[in-house]
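Q: Shown below is the structure under consideration.
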Amino acid sequence: MLVLEGIPLFLIEMAIGQKMRLGSLGVWNTIHPWLGGIGISSCVVTLFVALYYNVIITWVFFYLFNSIRLTADQLPWAHCPYDNGTAEAECNKASATVYFWYREALDASPSIDEPGVPRWWIVLYLLLAWIIVFFIVMKGIQSSGKVVYFTSLFPYAVLTIFFVRGITLPGSSDGILHMYKPKLEKLLDPTVWLDAATQVFYSFGLAFGSLIAFGSYNPPNNNCVRDVLLVSVCNALTAIYASVVIFSILGFKAYTMVENCIVKEIKVLALHHIGGFTLNSTADYYREQFPRLNGTAIAALNLTGCTMSRQLEEAAEGTGLAFIVFTQAILKLTPAPFWSIIFFLMLLSLGLGSQIGIMEGMLCTIFDIDFFKRLSKPVITGVVCTFCFFVGLIFTTGAGEYWLKMFDSFAGTIGLVVVALLEMIAVIYIYGHEKFTNDIYEMTGYRPGIYWQVTWRYVGPAIVTCILLSSLVFMLINPPMYGAWNADEGRVIKTPYPTWVLVIAVLMILAGVLPIPVVLLLRRFQCLAFDVDIHQGSIRRIETTVSTKEMMSDQDVLSPESAPPAPAQLVADAATKFTIGDFDNVESSEERPNKRLPAGIARSRPKK
């Protein structure tokens, strides 16, 4: 997925942004006005992702502040709370870390149908998260670029600390070997491929519009091919490095769980006088004798066998990996508060770094629209962050985690895949792969070879199309489900989404993809009297778009004579080209007497 889809699309977004000096909306309008909906869809999907992504940062803040212990050596999720001298029944049925996550942090409701009121502590942390995001991105790349130095480098320092500690722990080698153990049957699951594609999109920031925005900030002659390859290699190596660190810690956690499991099962076997076990039996004796025991007796006593593979298979994913499994492993490290603080500081820096990219892509699209040119970047950023905060209150209820998983499963996957597919089609087949190749050669001096041509024109679109279709079919055959917390049983139970939630999910998917055909049809049949003008300043600055023009000095300003045509004029010129063929030849007005554009769209053509 990385080589055949991720890297080729990465270069498409970076290069087209650098060439046209525009944000996502301006780029697709300039290529052809029928494609203007791609920029809108990208912005809508990015908005959905930004809504719930900051909620994860909110939870990180909650755990980070609860990790700061001035006097106590133990973390608050180390033990079950006591009520009248006895531990909470819900905590006894689950575990201290699971209880802390679902009851103390989320105060989870039994289902998505019963959300309850917003939890005030989560609301405060959500407000803090959006305030921090606002101050980071309010000045555009001028302010966020400085923060990225920290958010990019600090996680490497923490990963290295965990790596040195992790590989010295018992069971770490088992965890690392488990990571590289292939499970070929998983390749037949379409959702695995969808998850893999989505992971590539998130790790690179593809289809969010942020890479196009960042590309527009580059100098016109920047070697974007070198940047793409360098970032791709660093991204892959970082993913491998982080995986080794994580699975070494998970292996240690599984090792401790196996040791505790053996002690418990020895007591059960000794109590029932099975296999000659006594309370003084050793773990080695257990491992030797357990396979020889009667299977019926083992099943009757609900004994598991306490194997490393079983413990590693039960490792959680998603939010549970960070907030349950990893926090449980941290309890075994000394001093636990220190390891917890640096772990959640790392998650915070990673989360903020990703959120900066997401917000920059969305805000650049908004700010490049001429309608908003009278408003400053801080004002627009403040309005967007305030809107996101109030909408995000749904994630602060008892059903907040259920809503987050629903957003992640629907709004943040299908929409991204559709946008990515259409981006490749737009640049390679409409803008033209030869023209795009020449653009890269003019900017970098490098002409993309056979690898780029094959992946751009054939392999990449084919892979994305197959993933999209198979995932949609799989979702229709297998009704989507979510994990609801059952306090009586102390565990998560898979529950089908209610119909009204699925309706909302479908509406979110449609909101993310419908702008594409709507804009196409409106402009094809000349129903769109209002045209989206891209601010002139966005192309009269050599080094940037309008969203960061205040960073530029006077010598960076092009004179009116040397400035390229305005994007609005390019849109008007392209609007008369109604074939998906050669877009360089425009039919004359005599040949198309009935194809005049409305006054709101038409612009005078430059004199030749």
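Just so you know, glycine gets a Cβ as well, placed from its N, Cα and C.
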Q: TrEMBL has Asn235, Leu350, Ser354 down as binding Na(+); which of Ser203, Ser210, Ser309, Ser376 does it also list for that site?
A: Ser203
Q: Would you call the transmembrane segment (34-65) and the transmembrane segment (410-433) in contact, using three or more Cβ pairs under 8 Å, pairs 6 or more apart in sequence?
A: yes
Q: Using Cβ distances below 8 Å and needing 3 or more such pairs, separated by at least 6 in sequence, tell me whether the transmembrane segment (410-433) contacts the transmembrane segment (379-404).
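A: The transmembrane segment (379-404) and the transmembrane segment (410-433): touching, no.
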Q: Quick check: which same-chain residues outside Ser203, Asn235, Leu350, Ser354 lie with their CB within 8 A of the centre of the Na(+) site CB atoms?
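A: Here the nearby residues are Tyr202, Phe204, Gly205, Thr238, Gly353.
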Q: Can you tell me which of 192-217, 229-250, 454-477, 497-522 gets the most C-beta pairs within less than 8 Å of the transmembrane segment (147-171)?
A: 229-250
Q: Work out the three-state DSSP category of Leu350 (Na(+) binding site).
A: helix
Q: Going by DSSP, is Asn235 (Na(+) binding site) sitting in a helix, a strand, or coil?
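A: Its secondary structure by DSSP: helix.
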Q: Just counting, how many other CB atoms are there within 10 A of the CB of Ser203 (Na(+) binding site)?
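A: The answer is 16 other Cβ atoms.
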Q: What residues elsewhere in the chain lie close to the transmembrane segment (229-250), defined as a C-beta under 8 angstroms and at least 6 residues from its ends?
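A: Sequence-remote neighbours of the transmembrane segment (229-250) are 2, 6-7, 10, 156, 159, 162-163, 166-167, 169, 172-173, 175-176, 178-179, 203-204, 312, 315, 321, 325-326, 329.
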Q: Of all the binding-site residues given, Asn235, Ser354, which has the fewest Cβ neighbours within 10 Å once its own Cβ is left out?
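A: Least crowded of the binding-site residues Asn235, Ser354, by Cβ count within 10 Å, is Asn235.
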